[in-house]
Amino acid sequence: MDIIPFGSESVLVVLCFMITVTASSDMLFPGESLSGDQTLTSPGGTFELGFFTPPGGNSQNYYIGIWYANVTDHTVVWVANRNQPVSDPVSSQFRFLQNGNLTLFDQSQSAIWSTHSLSLVSNSTRAKLLDNGNFVIEYAFGSSGVIWQSFDHPTDTWLPGGARLGYNKLTNQKLTLTPWKTPQNPAPGIFSLEIEPNGTSFLLLYNGSKQYWTSGSWNGKTFAQVPEIELNYHIKNITYVSNDKGSYVSYDATDPNTFIRYMIDTSGQFKAFKWRKDFHQWNSFWLRPTQFCEVYAFCGASSICNQQDQSLCVCMEGFEPRSPADWQLGDRSDGCVRKAPLQCSTGGDDNFVLVPDVRLPETPETLEVDDIHQCRLACLRNCSCIAFAYDNGCFFWVGDLFNVKQFTPDEKEGKDLYLKIPASKIMEGKKTLWIVIGLLGGLFIVITIVVVLFVKHRCFGGRFETVDGSLVMFRYRVLRNATNNFSEKLGEGGFGSVFKGTLQGSTAIAVKRLNCPKQVDKQFLTEVRTIGKIQHINLVRLCGFCAEASKRFLVYEYMPNGSLESILFKNSSDVLDWKARYHIAIGTARGLAYLHEECRECIIHCDIKPENILLDAEYVPKIADFGLAKLIRRDISRIITTMKGTRGYIAPEWISGEAITAKVDVFSYGMLLFEVISGRRNRDLLDEGLENYFPTRVANVLNKGEDVDALLDYRLEGNADKEQLSRACKVACWCIQDDEKDRPSMGQVVQLLEGVIDAGIPPMPKFLDRFSRSLVESINYRYIGSSTSDSRHEYSISISQA
């Protein structure tokens, strides 16, 4: 924002400084000012305005800003002088001038920021801080209307209750969000969020031009690429207005007493937060893009973004951070620079180093050559060429390399990039490499001897090998002895039986024998590759396996309390209490959320049911039996599967043979949650009549506003937390919505059950709605497969109107 000239009005300004005025609590009148620690507080005490210095930043830099008054984590939502801080707030003044402008004067009495508002009757105006976080200049008496407002000049935060993002067609002014440069510096960063001037989409931009995310177009209800926003119970009244004057988007908070804010942060991600009063912290409940490496040029020039690396950004070989200080503070936007210049222009030699499995930089130049060798020579002879790649054609780059992302070899999406560096650096690297190899070789031999001796004497006993890190490859005879020739059967799972065993050292194990000849290898390899690589408190741990000839076994940690099915549905006086059930429900949701959202590759379980939820000695739930798990890369949202889950837990899209996503697990979890509430299988209640089908009963009770206590397992005699019970019923109904887009993610399910997100009343699922209206005459299950001992079937629901 431009500053006002300190010239013709200088005398007036000096006279104003000589007037001692005490400002009102929430407003300033012409001639009044703020200095030092003086602040304005909104009428309801929600927001505060005054001088502040960013936490962890330069204590000599002060800014005029607005922040939450009652939030312990100092959170600034608006900054006036982003580009020009003052060093002394005591001698600086934020003054409401007689000409109707809010102006910030630094310690030398120079005007460094101003509103530049045009007030016709300056004496009748006032500046007021409102409870929605808006700071306005308005008419004080008689007239109505806002002359200037901070909501028209947003910084990095978008607040509910009136703040708008959009485009003013009359003035060509964009209402955009720009992040702080660093968490300690509120100067504008290189990213921005804005509304497409000639469209209806939110856009995230790099450097004002390069788009790297879009919300999709407005469809009258939500934005096409973020349909899950409809399941966001923190906000409501998402409004898009477009007319001759402009295009704007606004929203309201569902609960006015809950602090909600959207912001674009220094990483370039668009995030939503809710203040948790109980934990005194902000909880993020939504963000896009979900991964840092999907933000364009997140790591700056000549660096590689690696989602698996703790530092996220790594300089390319032969490069170093341009600004080491900013790099340490987390600001990687300046990227990396060469340690030594290329030798081509001075007659020296350059060479190439391979950068494997990466997303290639954008905007390459192309060259028609026959093979990679000609491509290499062409780049080597061109002093402007700094890298090349050969992928069904020759591509080379001049200038800086941006937006390079590291893939893993398993992802099979990366390409090989050949980076040009001085040949002398390669020779230095080779000498160092041979020295390191020699040292490591000797160390490796010593470590190998120690490990072999240790492994032979481990408490597992018998002969085995370790593979894939911590997995143990057992000999068949070891497992046969441990299980006493497979005499104690724990249960029957998908494609195999499970037996209890004890290794030497009294270590209890559960041994699963795979016995399906047609799919055993696929089943076996899937479980070994998935479970063996992940660790989570709510996932069963795979200890090892056996693969001798045609024998296939999986060895798991033993769960002393068995499966949820064996405890939840048994007829005995020892009933699982509500506290334990709710704990199991949340733990199971956390395990699934980890599989879907936190693993390197999204893992779909495909068979969530009580039998596959195991309980340890403390009743901590652990998801087991990954026999139907399908691995999908994160950028592939849908897969087709020929394998079917278990009757009563299968999502509609899977039944009809459509492509599936992780939302099939969400549906299964919803059906499981119904059974946790009722203590009975849903399909057993369905056999008693459609009116007793438990999901239908729950949906009807919620939509009619009736008491949910009657839905609780009668054996608990009403002993349950009513709020938790209501929350569980709502979550279960949300999870079984017909359209997968209407179901929450498992991460959202965890937040719903924990109360982080408020669970609204879910709509009646269409197939349940048909039940409740008595339009169903019959439900015919069509079983596919020759075995009737296993409940794993494909079924279809045929509905005919009476």
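Just so it is clear, glycine is given a Cβ too, placed from its N, Cα and C backbone atoms.
The ATP binding site feature in TrEMBL is assigned to LYS512. The domain 'Bulb-type lectin' annotation in TrEMBL covers 25-150. Summarising the annotation, TrEMBL assigns domain 'Apple' to 344-422. According to TrEMBL, the feature domain 'Protein kinase' maps to 484-757. The signal peptide annotation in TrEMBL covers 1-24. The transmembrane segment annotation in TrEMBL covers 433-455.
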Mean of pLDDT values spanning the domain 'Protein kinase' (484-757): 83
DSSP residue counts for the domain 'Bulb-type lectin' (25-150), split into helix, strand and coil: 4 helix, 51 strand, 71 coil
Cβ neighbour count (within 10 Å, all chains shown) around LYS512 (ATP binding site): 27
Counts of helix, strand and coil residues, the domain 'Apple' (344-422), according to DSSP: 16 helix, 35 strand, 28 coil
